[in-house]
Each structure stands twice: as structure tokens, then as C-alpha cells.
């Protein structure tokens, strides 16, 4: 009776194992014919098809990617190469994104981002905020790059590197996301226009309600067959918008009413963000491990490195083409290359079951890592050379004869006041003449 129970438990369907997976003969004493692969449900056309419930059907020539973990990547399934098809984890072992540690880390990061956005809201100048609203050239340029250039670039990169359907969808989702909070912090570090940066972040998140599903519908037909409505990330985008608008609005109010308190909040928010970044990198490395990172194809790493660079370059190029001021150029550049990876991760978790998304759940984190590193290099270059170049240009402008500077105006005022005045020698001579008379 105990043996029958063990066999029943072994053959019971598990939500963590792919349906078409053939277990190795040494997995149990049951014969291999009992564990033969089940027929795969075919979709109308090759690729993924999303149903109203979170189930995905693959065409016969496609195989879902099992979820790898650090403990399950040591070997492969029988008859499969371990580097291309890692062995699934134990059914009782949860995936790393469902562990209590990851949930606690998400809460910690969310609270730190709210504090950061509160501090960035305290940097907004209400007097200059309206000027960007009346003339939204920078915001329009950022939106053009965000929802025009980057989705097309992600689509072309997925085709050029011949990514599989799951990896291509992850890359495309990241390319269609709106701007993230990283751009606001980096704009502050490079002396950018904070009013423009916050306007671009808010406007891109609002536009994502319409343009993000549209871009996904246009570019994802090669891999996904699904109605447009099922890809609308309204809940995730609305939550992102609220977590951005509410702290920023409160920070603007504090700056308007309590100027000294706003300065203190800015310092505290920057310190908390630095601590958050350190903790985030340490905990992410602890949860993932080198084995999981090694399971990601090299082409995905190349895409994660190249996409932020292309976004930064396109934003700066468009801002230069429209003759924006230097601080606005840096702001548009950083806003275009920085994506909201938290939103991309949330959509991947909601739209795809864990057994199909597999290691491609890591792509938004890879993109966040490389976009932060590249933006950090940009900040270091600006701090080392940008300030000196700007000071030299200001000195050259003061020495230019065609420039009417404060120094020249001051010299002219001194010359005008000395014209027609009476010197000391002349005054003594006049007094002597009057005495003699």
C-alpha cells in the first residue's frame, strides 16, 4: 500500500514541472513508458499564444523553458545538454522570485524608491516647471525615442541575434517600457534640468497606458498570438504612476512651503538611495548565483549591454538636433536610455507562468545592471571633465569682445562716473584763486 501511494504521488501532476518533460529512468522505479511526454497543444501559428488564463501553448517544434535555480543547474535532463536545457528544480523548492527573501526585498526597494521620489520632488522649481509644460519639446523628444526608437531597436536585435520566443518577448517588453526613476537620480548628479526630468518620467508613464500595448501588438506578432486587450498592463502601469506622482507631488509641496525642510529631505533621500543600491546588488547576487547567470545565452548579454547605450545616444542626438540647452541634452539622454525595469518584471510575472519564462525573468535585472553601470560611467566622465570644460567656456566667453558681460558693464559704469569730475589738484587750485580774490 505504501508503494502504491508513493507511485501515485510521483505520477501526480505538478505545477512546477513542464507537461512535455520526460524524466530520467533513475528518477524512480516506474517504467519510462509510464512517464512518456504528453502531446503539446498547438497554436494557430508558430509561437506563444496567451489565453485568458495564464496558460501558454507552443507549436510542436518549440519547447518551454523550465525554470532554473542555483540548485538545479548542476546537471541536465537525460538525453538533453545541461547547458541548453537545465534540469528543473525539486517540486517542493520554490522559484527564487517566490521566496520570502525576494518579497521582502521588493517591499524594501519600493519604500526606498518612494523616499527617493519624494526627495527628487523637493528639487522641483515651481516657477520653471510651467515653462516646460507650455513648451514640451524635451518631453516630446523623449517620448519619440521611448516608444518609437527603442521598441523598434529591441525588435531588430531579437531578430538579428535569433533569440527564441521567450527571450525575444522579454527583450521586447523591456524596450517598450516607459522611463524609470534612475533617470531622475542621474539627471540630478549631472546637473540636469530636474523639472524636465520629472515631466518626462510622468508623461512617459501616462503614454505607456496606450503606446506600450500598441508597440507590443505591432512588434510581438512573430512570437505571440493574442488579442491586444490581454496585454494591457493597466494595473501595473497605474501602480507605477501612483508611486511616482504621489511622492513627487508631496515633494513639490514641501519645496513650495518649507524650503529648508526640502533641502534636508533631498540629502536623506540620496543617502537612502545609495544604501538601497548596495543592498540590492548584494541580495540579488545572493539569490541568483553564478549558475543561473551562466544559463543565460551570450546573445542576451549583448542585447542588454547595447540597448541602454543606443537609448542614451539617440536621446542626446535628438536633443542636439533640436538645439536644446546642454543641461536639457543630458536630461533627455538619461531619460531615453533608462527603462522602468520594475514594470517589465511585473508584466513578465503576470503574463507568463514561471515554467515558461525560466531564466529570461533575469533580462530586466540584467538591463537594470548595465543601464546603471553605463549611466554611472557617464556621470563619472561628466564629474571629471564636464565641469572643467564648462568653466573654461565661461572664461572664454568673458574674454570675448563681442560678449556683453557683467565685467564689461561694470567697467563702463566706472568710466561713466569718472567722466567730467573734478580732480584733487584742480580743487586746490580753485580754492587758492578764490582766496586771492
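Every residue gets a Cβ built from N, Cα and C, even glycine.
Among the features that Swiss-Prot reports, topological domain 'Extracellular' is placed at 1-103, 162-197, 255-267, 313-360, with the record citing sequence analysis. The N-linked glycosylation site annotation in Swiss-Prot covers 6, 20, 26, 181, 195, and the record cites sequence analysis as its basis. Residues or ranges marked as region 'Disordered' by Swiss-Prot: 16-84. Residues annotated as compositional bias 'Low complexity' in Swiss-Prot: 21-50. Swiss-Prot lists 104-124, 141-161, 198-218, 234-254, 268-288, 292-312, 361-381 with the feature transmembrane segment. Under the heading topological domain 'Cytoplasmic', Swiss-Prot lists 125-140, 219-233, 382-437.
Here the topological domain 'Cytoplasmic' (125-140) has, by DSSP, the following mix of helix, strand and coil residues: 13 helix, 0 strand, 3 coil. Broken down with DSSP, the topological domain 'Extracellular' (255-267) shows 12 helix, 0 strand, 1 coil. Counting Cβ pairs under 8 Å to the transmembrane segment (104-124), the top-ranked stretch among 141-161, 198-218, 292-312 is 198-218. Averaged across the topological domain 'Cytoplasmic' (125-140), the predicted model reaches a pLDDT of 75. All chains included, 23 other C-beta atoms sit within 10 angstroms of the C-beta of residue 195 (N-linked glycosylation site). Over all protein chains present, the Cβ of residue 181 (N-linked glycosylation site) has 21 other Cβ atoms lying within 10 Å.
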